Amino acid sequence: MLTRDFVGGVASIAIGTVYLYFAYQLRISALDDSMGPGGLPRVYGWLLVGLGAVLTIQAIVSRRMAMASDATGGRDEWDGQGRKILHAAGLLAIGTGYVLVIETLGYLLSVAVLLLVTTLYLGAGNKGRALAVAVLGAVFLWVMFVIVLGVRMPSGVLASLGL
Amino acid sequence: MNKLHLVSAVAAAVLAGGLTAAQAQEYPVDTVTLVTHSSPGGGSDVFLRELSRYLSPYLGANVIVENVSGGSGAKAMAQLAQAPADGSMFYATTPTFIYTSLLSDPEYKYTDLEPLVNFFIDPEVIYTSAKGQFKTLEDVIQYARDGRGQWGAANPASLERQALEQLKAAAGVNAAVVTHEGGGDMMINVLNGTLQIGVGEVQEIQSQIEAGELRLLATFSDKRLDAFPDLPTVKEAGYDVVVRKFRGLAGPKGLPEDVIAAWEAATQKVLADPKYKEAYEGANLRAEFMPHADYVKFIETFGTETADFLKKTGVIE
Amino acid sequence: METLTHTAAFLLDWHVILAALIGVTWGIMGGALPGISPSITMALLLPFTYTLDPTSAIVLLASTYIGAEYGGSVPAILIRTPGTNAAAATVIDGYEMNRQGKAGLALGISLYSGVIGSLFGLAMLMTLSGPLAQVALAFTPMAYFALGILGLSVIATLSGENLVKGMIAAILGLIIATIGSDPVTGGTRFTFGSAELLGGIEPVMIMVGLFAMSELLVQASKRGQDERVTSRPRIQFPDWPLAKRLIPAQMIGNGIGTFEGVMPGAGGTIASFMAYNEARRWSRYPEEFGKGSPEGIAAPETANNTVAETALVPLLSFGIPGSNSTAILLGGFLIHGIVPGPMLFQKSGEVVYGLYAGLFTAAIGQLLIGMAMLPVCIWLVNRPRPYLNAFIFALILSGIYSIHNEAFDLGIMIAAGVLGFFMRMLRFPFLPTVLGLVLGYLVESNFRRSLVLSGDDWMIFVDDRISLGLLILSFLFIGGSIAKRVYDMLRHRPSATFSENAES
């Protein structure tokens, strides 16, 4: 029953509802135009809910029609998606970890760790090579962003070394 | 934009100028960082970089400029409020920092900073298209009185908008105050006749005035401008609205006495420097030095008046 | 003629040549790094311009801008990451060609289309500045609103097989664009008390998330079961039949780029998307678009390089910067006491001629530097997948961090990546989201500004002739596209619609 379009439609309705809730809470002031800050957001919100409903109905109708003509199908469209989401979530966790440690660990160290962990996670065979690439890659990025471009990356625990 | 660490060409300026100028006073730190919320190349940024070139020898310290844009100054204010109060870091103040404090209610506000000194007051002028029918401010007001005026302000919830809303109230007319995304955007709408008038700083429209494309109608300053002695003030035209777009510095709370004294002395000297004077007068800035004590009071009054305006119009609670 | 002779004199000035070449090299590098926008690339050079003579300073900054606008296409093609906002349209067919092992050709097309765009834009700038400035002047808020609607009308054709899904995707983009400060009152919207959100969300964070981060997640989810064709590390220019086929697309890019460039605030992103869409509409092979069409690279790349040149028209004629990048160029002028505007030619004509010569040198330099640099880039992306993807991950996390120096922004980018991952899984198209994101603010602010001007009289959009024309054009586009869908459906024919993200 849960086709991609059905899930997409329901998700749109949900997002639209949450957005509308906040759109109706925007303050009104005398400097406003007649539309106000909430005017268009409300239109967007209702459109999103409406289109989500259309998509959901479309999904149900086309599913019914498909059921009538062909009994198979349906389930296979989700085959293996759970495992895929799990694999992707692993990379997501690595990224989130990076965001959490960058300010304390500093750019150079965190980016080296990020490179190492990601290469290993994505299936690099040779551990020594992965380590070497991580170290060299981190130094390269650090030189590029911090030295050449002058971006102020957090120095973290290496601050005392002047990095 | 980026919090860029831009060590400007000041180092060179210091080497050239600093060695010749007598370093009379001992400034407590070697390097002073001036923080601006303006992005590199923006109005405040160009102003600060120009200033820093001339200021170093008088202050007896390196002066560098750092851009901390983001949140219309909210981030710069947060950084300053937490900086050490030893005279090593200051924030370039413009009315924006008061508007941001009041409108966005950030964690650190203008009241968490200590105003240092003021350097300039930018004259805000009312201008119209030279091809248009309006010759005086009264023509514009009359037009609005007869029908519906369309006036332009460069940014939403800005000093310019406040000035126009006050003018509207003083003249008792109903004009639409149309906000834009910056002065340039608005200038096009004045030039093509969509708006009757726009409000802006002289330096933004200088080239258009010289080319005869725009006509000045009045200035919001308290007295007439040296560059345009024939231009009446809005007050002279009968509407009691005066606008003071200030450019000064503020630091963390609890600045030491010697730092304040050093800045008061250096500011007066740099403003009198003939070379710098030529540069800033060319850019239509009006020097208006305010010592620490006056500036603190000035900012306080400015803040209260702005808060009153925003509360009265219902923008904030 | 006079312009040409004055300009030619500067072509022998080694200061100008050096400044142009340094600028364009630096620009390509900055533009190619995701998150480092053209304006940041230029801003980094600003301090050095104090010590230069005015002409070299302006040439340095302007060449950086040209280089950066081109540089954005390199990661767009190679790693599905738009290096600049305007390169988002190049991602679609560029990355697709790369996947087919034609990265060398894709980069060759984007490089030579970029140079054509630059030279055409420069010619327009030198000869038609006056009339083009009049076009910019004629655009009222109503016309800008209509222009935004015209841009959004592209969604009707870029939505893939399901128009409803395309519209949902577009509204997601529009919703993201409402976060930040309100364009009329300046009050805050949807910021939930966070100072980081006050200035709104930079479109590039969402684009990098949607395109690059989601691709990394998809590849991680496949766990190396992915067949990959690598390209030879050699840049390849199109042969004559292909070059001939690209001419209409490039002309479309030139035309749209010229007009979008002169309008302050419109910018390269809209130009490249509209050029992409028009190139598809007029192409003899519209079915190839989205699946690695060479025209799909040529049109947007010509357009955004043309924009980089004609964006100087409002700056030089009125002193009005139309974008962050030209604002920094304006700063460069002001630093040297030169005020752009109607008096510029009388007062500092020499600087302008020097600028023209510098821009010409930069366009040629772009070609040479691109040819030298690109093979190395292709070699880099041929490294084994785990290493390459880890490096892309580190690169986008570094680039996005450097926009505001906030870990918060990384969170936004990653969140956009997750959104993109699920949008791909549920078969929603990205392009409408990107368009909504880029056009949301333009449409909303000018819509409301127009209504303030007219006192809530909607007729103002009809009374303004440019606005009326553009709105009629948009409705024709939308109507035509819907009519075609309905017609195809009634004939039970699979609609030859545009599709992206065909793979799950």
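Residue numbers in this text run from 1 along the chain shown.
Cβ atoms are placed via backbone N, Cα and C, with glycine included.
Marked as domain 'DUF112' by TrEMBL: C:17-435.
Beyond its flanks by at least six residues, the transmembrane segment (C:14-36) meets 42, 44-45, 52-53, 55-57, 59-72, 74-75, 81-84, 204-205, 208, 212, 354, 357-359, 361-362, 365-366, 369-370, 373, 377, 395-396, 398-403 of its own chain at Cβ-Cβ distances under 8 Å. According to TrEMBL, the transmembrane segment annotation covers C:14-36 (among others).
According to TrEMBL, the transmembrane segment annotation covers C:105-126 (among others). Beyond the transmembrane segment (C:105-126), the same-chain residues lying 6 or more positions past its ends with a Cβ under 8 Å from any Cβ of the stretch are 3-4, 7, 66, 69-70, 73-74, 77-78, 90, 93-94, 97-98, 132, 235-238, 246, 250, 253-254, 257-258, 261, 294, 297-299, 301-310, 312-313, 316, 356, 359-360, 362-364, 366-367, 370-371, 374, 377-378.
What TrEMBL lists as transmembrane segment is C:132-156 (among others).
Note on the transmembrane segment (C:163-180): residues 152, 155-156, 188-191, 197-201, 206, 419, 423, 427-441, 443-444, 482, 485 of its chain, located 6 or more positions outside it, place their CB under 8 angstroms from a CB of the stretch. The annotation transmembrane segment is assigned in TrEMBL to C:163-180 (among others).
The annotation transmembrane segment is assigned in TrEMBL to C:200-218 (among others). Tertiary proximity for the transmembrane segment (C:200-218) is limited to same-chain residues at least six positions away from its ends with a CB under 8 Å from its CB atoms, namely 34-35, 37, 79-82, 84-85, 88, 91, 173, 176-177, 179-181, 269, 389, 392-393, 396, 399-400, 403, 409, 412-421, 423-424, 430, 433-434, 437-438, 441.
Cβ atoms under 8 Å from those of the transmembrane segment (C:353-381) belong to residues 3, 6-11, 13, 16-17, 19-21, 23-25, 28, 32, 55-56, 58-59, 62-63, 66-67, 70, 74, 78-79, 98, 103-104, 107, 111-112, 114-115, 118-119, 122, 125-126, 231-235, 309, 312, 388 of the same chain, restricted to positions at least 6 beyond its ends. Per TrEMBL, transmembrane segment is recorded for C:353-381 (among others).
Among the features that TrEMBL reports, transmembrane segment is placed at C:387-404 (among others).
If you look up TrEMBL, you'll see C:425-443 (among others) marked as transmembrane segment.
Taken from TrEMBL, the feature transmembrane segment applies to C:466-483 (among others).
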What residues elsewhere in the chain lie close to the transmembrane segment (C:387-404), defined as a C-beta under 8 angstroms and at least 6 residues from its ends? 33-37, 40, 79, 81, 196, 202, 204-205, 208, 212-213, 216, 219-220, 380-381, 410, 413
Arithmetic mean of per-residue pLDDT over the domain 'DUF112' (C:17-435): 89
